[in-house]
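Everything on this sheet refers to the single structure shown next.
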């Protein structure tokens, strides 16, 4: 047993308190994720204006729509997919975003679904771009290249918050014994950090490669969608399935099943992008 294995015993998920309000590291990590994604997108606009012909003010307005869509979609998606008491929230809709418990204590908003956030993001992007759909793919590509590094902070936040823990490390796994984290007297994979690397860093490199080798609008979001789906599918083998969900056919987790649906959505965007690029060439 090394110091890393027992890091949770030495770490408090609460960063600091403001009176009765406890600020968790996860909240700070999420803020870093938003800032990172925002400024990464601005950098891309400045560095490659031909691929991303968008004014800063225009992007700032769009970013607010996208972030709102992500938050709404992520929270509602969690309620519909993962929350065992979803019926209560559907009849008490205002409680979905209530950051206080029954005693009036601030506890924050817990329970977000990445795939729900993705749906919310796509809906918000479409609504914002509906008057000029030619820019829709440009916006999606811009987020595809700026989101992965922000995502890294989000998963680090999950790790610091000691949530979304990994599966139990087999006793014959030498690497697992080294990198595992003790959670409730069980050595588990640090699945949050595995996801940060696979779904954040690796996917970012995939999208950057696609940016260098493609010119068609919409292909970056397709590469992101397919790349994330693959990396999430792999990472789920190290992540403990939600206790209220378990596994389904072929022992697949809900995250893996939703990732398969994400592949279908990505292929749909690919078809749309292909048709859209043909129209642009014809008009030119």
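Placed from the backbone N, Cα and C atoms, the Cβ positions cover glycine too.
As recorded in Swiss-Prot, the features of this protein are as follows:
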| type | residues | note |
| --- | --- | --- |
| TRANSMEM | 14-34 | transmembrane segment |
| TRANSMEM | 62-82 | transmembrane segment |
| TRANSMEM | 106-126 | transmembrane segment |
| TRANSMEM | 136-156 | transmembrane segment |
| TRANSMEM | 190-210 | transmembrane segment |
| TRANSMEM | 218-238 | transmembrane segment |
| TRANSMEM | 252-272 | transmembrane segment |
Positions whose Cβ lies under 8 angstroms from the transmembrane segment (252-272), at least six residues beyond its ends: 81-82, 115, 118, 122, 137, 140, 218-219, 221-222, 225-226, 228-230, 232-233, 236, 239, 241-242, 245
The transmembrane segment (106-126) vs the transmembrane segment (190-210): 3 or more CB pairs under 8 Å: no
Cβ-Cβ under 8 Å with the transmembrane segment (14-34): same-chain residues at least 6 beyond its ends: 67, 105-106, 108, 150-154, 156-158, 160-161, 163
